[in-house]
Amino acid sequence: MEKTIALIPGDGIGPDVVAEAVKVLDAVAKKYGHKWNYRDVIAGGAAIDKFGKPLPQEQLDICLSSDATLLGAVGGPKWDNVAPEIRPEKALLGLRGGMKVFANLRPAVMWPQLKDACPLKDEIVGNGLDILVVRELTGGIYFGERGTSADGKTAWDTEKYSWEEIERIVRLGFQFAQKRQKHLTVVDKANILNSSRLWRKVAEEVHKEYSDVTLDFLYIDNASMQLVRNPRQFDVIATSNMFGDILTDEASQITGSIGMLASASLGDGTGPGLYEPIHGTAPDIAGKDLANPLATILSAAMLLRYSFKLETEAKAIEDAVNAVLNAGWRTGDIAGSKLAEVKAQGKLVGTKKMGELVVEELNK
Ligand code: NAD
């Protein structure tokens, strides 16, 4: 297979971790006989420095004309004081909107080898966690009508969803649940919000087509509590943009390290997907060979799975990561409380070495 992949290293540790994911993608190409043509895209702070804006149209166009996009992360203190309309995060909104990727998939997986890094008690997490959050990404209150009164003393934002916007998200939720534990939880605030009542109505209607999946509903406040109280009750969660934003951060925390979590943002399947680790640019460790590249490497696995339908190759990357962890290799963030022990065993590694270890496993 020959495909074009747009690469957005971005800022901070972005370039460090994307470089390792590329090594892994190259190893996959060599092993399975594929060819990837990479196209570099400048976005975020790097683009503000070079072009004066975070996502020039021609950079977005490179993503749109590629088969998939892999992003590191954007932003950092250097651009904290730029004008609001050119802030680095605008690149993320521009990419999501421009690429029409309306569904954000965030698997919150706790690797059994990294159980130590999980802040929850053993009896709560058991042998591990595996939750998939499907978050609506291009609608709701983040995109709704907003305003501030003339006297500056009142401000408002609007949560607005159409049947179609909800349907495509819950449908994806049901489809993923069918391939997993057949359980979908829709998270909302239907006791108060009209828009949430529509989410419920749509979910119940679409459920008729997926009767093998159990559907239930939770209010957002209860869901946030249940995630730390009994996270193993969840399989797939589907929710709105803002609730998803908050819940996915909570879900990522309970799995341990932010350096392990990948994400995919998908549209209707006719355009390219956007793949990125969920972490930011970690300015405190940027350029120091300290960042964990595994979240980006696992994002590359999602890219192969969802955009190129290469399940074997995606699984090979995940198996290689698993083997590296089984062999005891750790970056600082996932060594956690065992840092001294890991160091003494000579298994504490940097960004580059971690990437090389995954490549070595793939080549076995
Ligand atoms: P962050 O995710 O960058 O860092 C939070 C903490 O986690 C830091 O201590 C960092 O060192 C650590 N960390 C993050 N990724 C790591 C990795 N791969 N390996 C090891 N440790 C890792 O979040 P923040 O500090 O809130 O944000 C820093 C900058 O990143 C800000 O400018 C923010 O706007 C931006 N940001 C960008 C994205 C994105 O591009 N998608 C997402 C979140 C934050």
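Each Cβ is built from the backbone N, Cα and C atoms, and glycine gets one as well.
Remember, predicted model here, so these are calculated numbers, not experimental data.
As given in TrEMBL:
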- 4-358: domain 'Isopropylmalate dehydrogenase-like' (DOMAIN)
- Gly76, Pro77, Lys78, Trp79, Asp80, Asn81, Val82, Ala83, Pro84, Glu85, Ile86, Arg87, Pro88, Glu89: NAD(+) binding site (BINDING)
- Arg96, Arg106, Arg135, Asp221: substrate binding site (BINDING)
- Tyr142: site 'Important for catalysis' (SITE)
- Lys189: site 'Important for catalysis' (SITE)
- Asp221, Asp245, Asp249: Mg(2+) binding site (BINDING)
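Recorded features from TrEMBL, shown on the structure.
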residue : record                         : Cβ neighbours (10 Å)
Gly76   : NAD(+) binding site            : 21
Lys78   : NAD(+) binding site            : 15
Asp80   : NAD(+) binding site            : 10
Val82   : NAD(+) binding site            : 16
Pro88   : NAD(+) binding site            : 25
Arg106  : substrate binding site         : 23
Arg135  : substrate binding site         : 26
Tyr142  : site 'Important for catalysis' : 17
Asp221  : substrate binding site         : 11
Asp245  : Mg(2+) binding site            : 17
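Sequence-ordered, the extra residues of this chain that approach the Mg(2+) site, with Cβ no more than 8 Å from the Cβ center of Asp221, Asp245, Asp249, are Ile220, Ser224, Met242, Phe243, Gly244, Ile246, Leu247, Thr248, Glu250. In this structure, the recorded positions that sit close to ligand 1, with a C-beta under 6 angstroms from any of its atoms, are Gly76, chosen from Gly76, Lys189, Asp249. According to its DSSP assignment, Asp245 (Mg(2+) binding site) is helical. Residue density at Lys189 (site 'Important for catalysis'): 19 other Cβ atoms are found within 10 A of its Cβ, drawing on all protein chains shown.
Neighbour density for Pro84 (NAD(+) binding site): within 10 A of its CB lie 7 other CB atoms from the protein chains shown.
Along the domain 'Isopropylmalate dehydrogenase-like' (4-358), the predicted structure has mean pLDDT 95.
Of all Cβ atoms in the shown protein chains, 16 besides its own fall within 10 Å of the Cβ of Ile86 (NAD(+) binding site). Using Lys189 (site 'Important for catalysis') as the reference Cα, a 10 A cut-off selects Asp221 from the binding-site residues Lys78, Pro84, Ile86, Arg106, Asp221, Asp249. Each of the binding-site residues Arg96, Asp249 was scored by other CB atoms within 10 A of its CB, and the lowest score goes to Asp249. Classification of Arg106 (substrate binding site) by DSSP places it within a strand. The record assigns Gly76, Pro77, Lys78, Trp79, Asp80, Asn81, Val82, Ala83, Pro84, Glu85, Ile86, Arg87, Pro88, Glu89 to the NAD(+) site; their largest pairwise CA distance measures 16 Å. Counting only the Cα atoms, the space from Ile86 (NAD(+) binding site) to Arg96 (substrate binding site) is about 16 angstrom.
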